[in-house]
Amino acid sequence: MPSLTSRRSQRTFSAVRLPDLLASRRGRLAAFFLLYLTEGIPAGFTATAVATQMRRQGLQPAAIGAFIGALYVPWAIKWAFGPFVDVLSSDRWGRRRMWILFTQTMMVVTLLAAMPVSFTTRLWLFTAIILVHNVFSATQDVAIDALAVNVLRGDERGLANGLMFGGNYVGNAIGGSGVLLLTPLIGFKATFLFVAAAIALVTLLVPAPMRELPGPPRLAANGSRLRAVGKELGRFVRDTGKAFVGSRAAFIAIFLALLPMGGYALSLSLQSNLAVELGLDDRRIGLLGLGSTALSAGFCVLGGWLSDRLGRRRTLATFIVGTTLPTFAMAIAKHRFGWIMPISPQAAGRRSTWTSRRRRWRRPSSRRTWLCATWCTPTPPRGKGAPSNGGDIP
């Protein structure tokens with residue numbers, strides 16, 4: 001009888017075994033879309049939903065800005081995580097799959113650890129936990145990209161890259177706008193469980209059943225693995241430094257990489273701090289985020305598809321120029337209503353430096369400078385004080 005039960009359980013397990021998505025073209029595209037989805041969900045949650053709740057609960061924009069800035073530190077240095085992913089790996093578990101499983105599991109653990117911490121009283125501890133979470137998330141990104149380089153064919157890379165970033169935007173919408181829409185229904189603390197469960201579900205569906213083929217044989221490292229990591233890191237820094245200064249175009253590209261382009265830079269503040277300052281409630285912020293991220297996800301896929309047909313440089317230049325349009329449109333709109341972010345409660349009774357000197361500026365270049373100075377504090381519209389969280393822009 002026990003043997004019969006055992007055979008039945010084995011047949012049941014084999015019947016529900018999940019497919020290896022890397023085995024087919026459609027599966028590979030779906031796998032990388034879902035893996036990038038797990039990157040976007042916690043990113044949208046922390047940078048949009050959590051930041052919005054921080055502002056609603058009285059934290060100052062400077063503190064929120066420091067929190068959001070800390071979130072991006074691991075992403076700025078994720079190049080240093082590459083040697084660890086390359087050297088500390090296992091062919092048995094899959095060189096990249098092992099890291100994806102480990103980092104996504106730790107992302108769930110750190111989110112659950114942050115859930116009981118009050119960011120209004122212990123912001124430093126909450127920031128530290130989310131910072132560790134982003135270390136694992138950035139390492140996950142490195143492992144996913146390394147896996148993509150190894151398994152994607154040349155004719156799949158443009159569309160796959162578009163789907164990956166589209167998945168990231170969809171994840172941002174779920175973790176940011178989706179959570180804001182869920183908060184009135186289940187409470188803010190419960191949304192931590194929602195985000196953690198979403199990451200855990202993708203982990204079980206995608207990397208867990210994945211079968212990564214063994215990579216090429218590696219040379220035996222002399223000494224410890226940590227020393228091998230150090231050598232790999234040093235080699236990477238030297239090669240990257242030479243690449244950055246190897247041509248004039250590469251040197252100029254450094255400054256382009258350091259500055260978020262137009263509409264992207266605008267969205268970093270628009271969907272959290274600025275939206276609250278202008279009186280949008282959670283539902284309207286959520287709808288704004290859903291609409292913008294849906295467009296972003298769609299155009300990521302379109303951009304990847306176009307790059308396969310029109311070329312990478314032509315497509316890149318076209319869309320970079322296009323990002324300046326919403327930036328100037330927002331500057332003009334805020335100028336029209338007399339609102340320049342951030343609005344300080346102390347600004348209601350005094351004129352700002354920019355506004356008080358505006359009459360003296362007659363040259364077109366001065367007026368353009370004033371329009372684009374989007375981070376000073378002006379006088380609110382005449383007859384109105386600084387906005388409350390429940391008021392709207394006129």
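Just so it is clear, glycine is given a Cβ too, placed from its N, Cα and C backbone atoms.
On a predicted model such as this, the values are computed, not experimentally measured, just so you know.
As recorded in TrEMBL:
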- 28-394: domain 'Major facilitator superfamily (MFS) profile' (DOMAIN)
- 29-52: transmembrane segment (TRANSMEM)
- 58-77: transmembrane segment (TRANSMEM)
- 98-117: transmembrane segment (TRANSMEM)
- 123-147: transmembrane segment (TRANSMEM)
- 159-182: transmembrane segment (TRANSMEM)
- 188-208: transmembrane segment (TRANSMEM)
- 245-265: transmembrane segment (TRANSMEM)
- 285-306: transmembrane segment (TRANSMEM)
Stretch of maximal Cβ-Cβ contact with the transmembrane segment (123-147) [cut-off: under 8 Å; candidates 98-117, 159-182, 285-306]: 98-117
For the domain 'Major facilitator superfamily (MFS) profile' (28-394), the mean pLDDT of the predicted model: 77
Long-range neighbours of the transmembrane segment (29-52), counting only residues six or more past its ends (CB under 8 A): 21-22, 64, 67-68, 71, 100, 104, 107, 111, 119, 130, 133-134, 137, 140-141, 144, 148, 152, 156, 159-160, 163-180, 183, 191, 195, 198-199, 202-203, 205-207, 210, 268, 271-273, 275-276, 282, 285, 289, 293
Contact call for the transmembrane segment (159-182) and the transmembrane segment (188-208): at least 3 Cβ pairs under 8 Å, seq gap 6+: yes
Same-chain residues at least 6 beyond the ends of the transmembrane segment (98-117) whose Cβ lies under 8 Å from its Cβ atoms: 35, 38, 42, 85, 89-90, 125-126, 129-130, 132-133, 136-137, 139-140, 142-144, 147, 189, 192-193, 195-196, 199-200, 202-203, 207-208
